[in-house]
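Enquirer: In case it helps, Swiss-Prot gives these features for our protein:
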type     : residues                               : note
ACT_SITE : GLU209                                 : active site, proton donor
ACT_SITE : LYS339                                 : active site, proton acceptor
BINDING  : GLN167, LYS339, ARG368, SER369, LYS390 : (2R)-2-phosphoglycerate binding site
BINDING  : ASP246, GLU287, ASP314                 : Mg(2+) binding site
Amino acid sequence: MKETIDFLIDTIEARQVLDSRGNPTVEAEVFLECGAIGRAIVPSGASTGAHEAHELRDGGTKYMGKGVLNAVNKIHETISPALCGLSALDQTSIDNLMIEIDGTPNKSSLGANSILAVSLANARAASNALDLPLYRYLGDPLSNLLPVPLMNVINGGAHAPNGLDCQEFMLVPHGVKTFSEALRIGTEIFHSLKSLLEKKGLSTAVGDEGGFAPELSSSEAAGDLLLEAIQKAGFIPGEQVSLALDVASTEFYKDGFYKYEGKSLTSSQMISYLSNLVSNYPIVSIEDGLAEDDWEGWSALNKEIGNKVQLVGDDLFVTNTERLRKGILEKSANSILIKVNQIGTLTETLEAMDLAKSAGFTSVISHRSGETEDTTIADLSVATRAGQIKTGSLSRSERIAKYNRLLRIEEELGDQARFAGDLGLGPKNI
């Protein structure tokens, strides 16, 4: 075993790099006394919840105001001096110290992007110092469960400039025995879908998350396309592969109504609409079916269809334990989307997942629409045995990087590797 001093933080560096949308983001590097290095890059969302932790942006004219040099300076001038000399193995203390220094409810002083970059880079440095893969360092010897991928193959809403209000239409290959087999099935359907779109004269241009962004008139039209693509690829909808939606309802919720597909719907009407979709399509998961502060509506939605499908709170919970506790108390959902940059530290992310599990909720580890080559969430999904991961479509290398990392983990685990499959989905299979 190395001496304790070997795990002490020596220096922390940071820089401004670009994400998959060409927008600036923060990269941090944590250097330990033993020579180990950890590097992490934070992602950024397009449809962001009002209650998310605060991203620090520069404003001004450079990069259309989206620069992050101020966040980089916060790391160099404030975070690094405070953390140098501390043990990288004490992740909780490091994260809590950054939260304390920030001193705001939403991390608006130091910025969640600067805090998270250091938090994740520190975990990487510690795992490298111990010569452990990140999933093993963050997890335990039983961390061998590969997640079911929720693959966003048709993009709409804030992720694509087409006529679809629903933001994501996803494939969920669950009825197989291995992650690699699930990935193969999803990939084959993705290419089947592309051929279908070409034959119908529809665009095969892709959106932010690598899914296609055709001009379609309704969610039903997208659902029908996916069913046809699944069957043409030789699979059975609802058996090997099901569907999932991210409605991102907050994006079109105005003045108490859901402005959806040319209609103005009440909360009750939106619930009826979603219930009909579940009856007509093999949907196993719906994310953000209602707006982030429509708490009464969420409880009604959960009562209506929560025993049939997974109801995932993204903007509703923003990976925040306070909002999650309220959701548990009010029975507002049965699942939480986990985005590390919504809350801003690894420790708080893990706390949210623990709370969700204690309440019988599922957790879905998720990317953001503005992603990078960083693969931390792949390791996190295995470390926590989450059972599900959202990391985009089967194109764009920032999405594929996570899938490839999971393939390597599966190979590394060998005979010990398990695939979540049907048991990874909620609520009826929890």
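One is the number of the first residue shown, and numbering goes on along the chain from there.
Cβ from N, Cα, C; glycine included.
What you are looking at is a predicted structure, and each value in this text was computed from that prediction instead of being measured.
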Enquirer: Which recorded positions from the set ASP246, ASP314, LYS339, ARG368, SER369 come within 10 angstroms of GLU209 (active site, proton donor), judged by C-alpha positions?
Expert: ARG368, SER369
Enquirer: DSSP secondary structure for LYS390 ((2R)-2-phosphoglycerate binding site), reduced to helix/strand/coil, please.
Expert: strand
Enquirer: Given the recorded positions ASP246, GLU287, ASP314, LYS339, which one's Cα is the least distant from that of ARG368 ((2R)-2-phosphoglycerate binding site)?
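Expert: Of the recorded positions ASP246, GLU287, ASP314, LYS339, LYS339 has its Cα closest to that of ARG368 ((2R)-2-phosphoglycerate binding site).
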Enquirer: Out of GLN167, LYS339, SER369, give those recorded positions positioned within 10 angstroms of ASP246 (Mg(2+) binding site), comparing C-alpha atoms, in sequence order.
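Expert: So far as Cα distances go, the recorded positions lying within 10 Å of ASP246 (Mg(2+) binding site) are GLN167.
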Enquirer: Just jot down the residues in the same chain as GLU287 (Mg(2+) binding site), at least 6 apart in sequence, with C-beta under 8 A of its C-beta; none if empty.
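Expert: Listed in sequence order, they are GLU168, ALA244, LEU245, ASP246, VAL247, ALA248, VAL312, GLY313, ASP314, LEU337, VAL364.
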Enquirer: Among all the protein chains here, how many other CB atoms are within 10 A of the CB of LYS390 ((2R)-2-phosphoglycerate binding site)?
Expert: 29
Enquirer: Using the centroid of the Cβ atoms of ASP246, GLU287, ASP314 as reference, list every other same-chain residue with Cβ within 8 Å of it (recorded Mg(2+) site), in sequence order.
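Expert: So the extra residues in range turn out to be GLN167, GLU168, LEU245, VAL247, ALA248, ILE286, ASP288, VAL312, ASP315, LEU337, SER366, LYS390.
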